[in-house]
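Participant: Let me begin by handing over the structure; questions about it come next.
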Amino acid sequence: MSSGNPFDNGNPNDGNKSPSIDELYSPSESLARDGDDNNNNNNNNNNNNNNNNNNNNSSVSEKKKSKKKVRIQEEERLTESYDDDGDDEERRAYIENEEGEEEETEDGIILQPIVRDHSTYRPKNLYGSSDDIREGDSFGAKVSKTFGKTNKKIKQKIGESNKKIETRVKHSNKAIEEGWKTIAQTTMKPVDNIREQHHRRAEQHEVAERAVWFKDKLQIQKYECLDYVTIYNKAHRNELYKNFSKLASDHEVLRWIVSLFMGIFIGVIAYFSHACVSNITKYKFKFVEAVLELDLFLAFLTYFLLNTLLATCSSLLAVYYEPTAAGSGIPEVKGYLNGTKIPHTLKMKTLWTKFLSMVLAVSSGLQAGSEGPMIHIGAIVGNGFSQAQSKEFGFKIPFLRSFRNDKDKRDFVTSGAGAGVAAAFSAPLGGTLFSLEEVSSFWSIALTWRAFFCCMVATYTMNVLQSNSGSLTGLIIFNTGIGDKESYNWFEIIPFLLIGVLGGLGGALFTWINVKVTEFRREKINKIKSLRVLEVFLIIGLSTCIQFFLPLFFSCQNTAPFIPSVGNSTLTDVTLTNGAFYNSTIINGTFYNSTIANGTIYNSKFYNSSIYNSTITNGTGVSYDPAETLKELSEFKRFNCKEGWYNPMATLIFASYEESITNLLKVNSNNVTNTERLGLWPMFLFCIFYLFFAAYTAGCAVATGTLVPMLVIGASYGRFVGLVVYHILGDKVSIDPGIYAVMGAAAFMGGVSRLTISLTVILIEITDRLKYLLPLMLTVMTAKWVADALIHPLFDLLMQMKYIPYLELDQSKEMKLMMCKHIMAKKPVYLAEKDTLGNLRVLKETRHNGFPVVNNDEEKLVKGLILRTQLLMILERISDVYIPNSEAIYSHIEYTTKLTWKLPSVNDFNFDPADYSQEIDLSDVMNLTVITVNVEFAVSEAFQLFRTMGLRHMPVVNENNKLKGIITKKDLLEKTCEQRYRELNHMKLGIDQLIHVGDE
């Protein structure tokens, strides 16, 4: 091997030698880059290589040049980084790798592997000729060159060190990256499994949701919708023309007269229900207390038997006699006023069953109230009085025929529902607003005045009857003394807001429990009637045990601090306990632990009176009504305590709901401080007990409501918060737990029902203090906001669980992305203007209640719409249809009257097949004012048309008015649109593809 060129791998004189690396490249690209000491030798080698390169350059392709160039550049890198610390190993490995390359053939020239001797490598010369120190150099130049060499050497070492560090860092980073990849793969495997499981569960959930929706859809189909849209056809126009002068005045006067009688009748029913409940409850507790004086266990058996007997009888009525009477009836009334026809909801049979079941259930001690049934009863009264007819009793009054349509009936039902609330709470304005805010879906100014008038009459009737019977006014809330209370402190807004938050959370919990219980009943209990009765028996049995035995764990308290002093009074035939008297005349009185103050016995007159353990001392007293003292004494429950003492838990739980609310809302007065009359633990346990039992009881097989339990639960936790604040602040400020109880009652009721304005007005009316308007509104709004963030309102969820089609006030977000062609029925059943009798077989073949009427089968241009009920009447009076210009032709007023009474079934008609070809003209009967929309019409806007106008059917047409489909109320339900959007979203379409879904 020649020593002249370290890269030469053969005899230089051999004609078949392979070209060297330097022969393939120009001198500027060679590896000879040594210092000036080796320049001459390298130049000679380069010249020789250039000569050889010129001879063979034409036979080497540019591709191989590029490849060799890459190799040379790599060798340059290795040569420049050569040192004794390990880079030589890398260079040697590279050379051995190059020696292992296979032969390559290019254009007939065999390229031999290049063999390189690594021992000939020398490090690159660090210094150039300019760095040499010459004799003629000045001292400064010598110093500069010396430092320059040193600097270059230092830079070289630094560069070499940096390259080593960089190389090692690269290796470390690569190792770390590989390690992280290994860790990530190990970690992501379970994550991927979890993601896959989640995706699989999501698919299973979607399949389950779809199955549930199809099941719910079948349940929804059993309900029909009401016709709130007036049918304007030729027959109706003729009737309007004939009676045009009587249209406005007569009908409006009749509406006010009907509203008057509705209010009176609802007030009478409210009074009798209240009187029955009060008397049954009063005598029940008196009897149990009398037995309690004899034996505790015997008193429990008596209390248990009485409660279970009353509750079971109530359940038997609601299960076997009229099942529609069970529950509060509010979801059914809301659904009806939204446009859904619910069978048996407004029948007189339902009213009497509701009344009796409500009286028995509330008297039994169930955690339920009477206001919900009163709303339902008021709605039934509104329906019955407006129609002036009854199928059960078989009578009709002809002069109210003009109100026998769904639209007028809806208005009277709305007024009746509000009057039921007004009579229950003695709040006419609150009842009107409740009807507007909660149950009604369609409202007008004229309806507002009539509804308010009906509520005033119902409240006045109720109060007059109660005042004549010696009772206090109001069915739900009695005189609590709140009206005499001074205004609140500004810092109390903070605990009021806390009460609002707790009301929202508690209301959401109450709703969730009731929904879960309702689902359980629907799947396990409601299918068997006997189980429904057994459930009521178990509920009242367990509740009775807790009501009776829980007070035994609480100690007795003295009633003296909570009884006002009595002076300058005359009392006759009474029994007084722990009273203070002076200058009084007492006749036939009995005194226990009493104080007679201010003077000697000669200052007072006693006739046939007995004094036990009493003290006659000097003292002072104030004038006070003795009847009020008797009332105060009746609010305390002795239970197992001695005379003059009471049990705080029995005062709450061993009492009627009226007495419980009265004690909870009791505020301080000038004579008595009621802060400590009910302690913290009784408040807490009573709230928990009532919350869970009321949530479970609501919806069972008895006629009960939930509004009163909401008030009781809210008042209990509100008073509890007030007591906590009182114990924290002490006597520094005036804290009245009774005010906190009012705020709690409003908050919890708002958290469950989401009522705001009507609830605030009702509580303002029953407390008679406008100064609490601001804190009440803040508390109620806070409760509503918190509950809205957690769950839907209770009555809306109950309607969904009962499969009642209901259009909410606001449309869902999915509706804004869809068009009518996405949700419409694609193949609507239609009739022609002039059709045949045989084509009316669609009444038997389908369950549709509305049919678009087109001009003919070819063009299918929409001309109107006809209802199933109209076709049934045509079939019934088919002979009249063919008499043109006759009075016997289809009559609109007769149709509406027939509709509210009884129409024949399609199976009642049997026509001769020979008559099937007979032509029927529907142009005089069909509704000419049918509303149609284009296939591209937004679903959200179609929803607004249905919601505001009370539509039942909406044909869908193209730009030429050709029938393409039909939309009904059930197609616009929130769940329906969500399911349809989910199906479209599952297709993963863009907005452009989504627009064209449904096109032909």
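Placed from the backbone N, Cα and C atoms, the Cβ positions cover glycine too.
Take a look at what Swiss-Prot says about it:
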- 1-256: topological domain 'Cytoplasmic' (TOPO_DOM)
- 1-90: region 'Disordered' (REGION)
- 1-16: compositional bias 'Low complexity' (COMPBIAS)
- 38-60: compositional bias 'Low complexity' (COMPBIAS)
- 71-80: compositional bias 'Basic and acidic residues' (COMPBIAS)
- 257-277: transmembrane segment (TRANSMEM)
- 290-310: transmembrane segment (TRANSMEM)
- 416-436: transmembrane segment (TRANSMEM)
- 442-462: transmembrane segment (TRANSMEM)
- 493-513: transmembrane segment (TRANSMEM)
- 534-554: transmembrane segment (TRANSMEM)
- 678-698: transmembrane segment (TRANSMEM)
- 710-730: transmembrane segment (TRANSMEM)
- 733-753: transmembrane segment (TRANSMEM)
- 772-792: transmembrane segment (TRANSMEM)
- 824-881: domain 'CBS 1' (DOMAIN)
- 926-984: domain 'CBS 2' (DOMAIN)
Participant: Tell me if the transmembrane segment (772-792) touches the transmembrane segment (710-730). I count contact as 3 or more CB pairs below 8 A, with pairs 6 or more residues apart.
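Facilitator: No, these stretches are not in contact.
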Participant: Go through the chain and flag residues at least 6 beyond the ends of the transmembrane segment (257-277) whose CB is under 8 A from any CB in it; none is fine as an answer.
Facilitator: 355, 358-359, 362-363, 370, 374, 377-378, 381-382, 385-386, 400, 403, 412, 415-416, 419-420, 423-424, 450-451, 453-462, 465-466, 469, 471, 475, 656
Participant: Relative to the transmembrane segment (772-792), which of 290-310, 493-513, 534-554, 678-698 accounts for the most Cβ pairs at distances under 8 Å?
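Facilitator: Answer is 493-513, with the largest number of Cβ pairs below 8 Å.
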Participant: How about long-range neighbours of the transmembrane segment (416-436): same chain, 6 or more residues beyond its ends, C-beta under 8 Å?
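Facilitator: That would be 262-263, 266-267, 269-270, 333, 337, 370-371, 374-383, 385, 443, 448, 451-452, 454-459, 461-463, 473-477, 755, 757-759, 761-762, 765-766.
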Participant: Looking only at the domain 'CBS 2' (926-984), report the model's average pLDDT.
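Facilitator: So the average pLDDT across the domain 'CBS 2' (926-984) works out to 89.
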Participant: For the transmembrane segment (733-753), name the stretch out of 290-310, 442-462, 493-513, 534-554, 678-698 with the most CB-CB pairs under 8 Å.
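Facilitator: If we count Cβ pairs closer than 8 Å to the transmembrane segment (733-753), 493-513 scores highest.
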Participant: Report, as numbers and ranges, which residues of the same chain sit near the transmembrane segment (290-310): CB under 8 Å and 6 or more residues beyond its ends.
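Facilitator: Contacts of the transmembrane segment (290-310) (Cβ under 8 Å, skipping residues fewer than 6 from its ends): 280, 284, 360-361, 363-365, 537, 540-541, 543-545, 547-549, 639-640.
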Participant: Counting only residues 6 or more past its boundaries, what in the same chain has a CB within less than 8 Å of a CB in the transmembrane segment (534-554)?
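Facilitator: Same-chain contacts beyond the flanks: 299-300, 303-304, 307-308, 311-312, 314-315, 364-367, 521, 525, 637, 639-640, 647-650, 653-654, 681-682, 685, 689, 693, 696-697, 700-702.
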Participant: Could you put numbers on the helix, strand and coil content of the domain 'CBS 2' (926-984), residue by residue per DSSP?
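Facilitator: Taking each residue of the domain 'CBS 2' (926-984) in turn, the totals are 26 helix, 16 strand, 17 coil.
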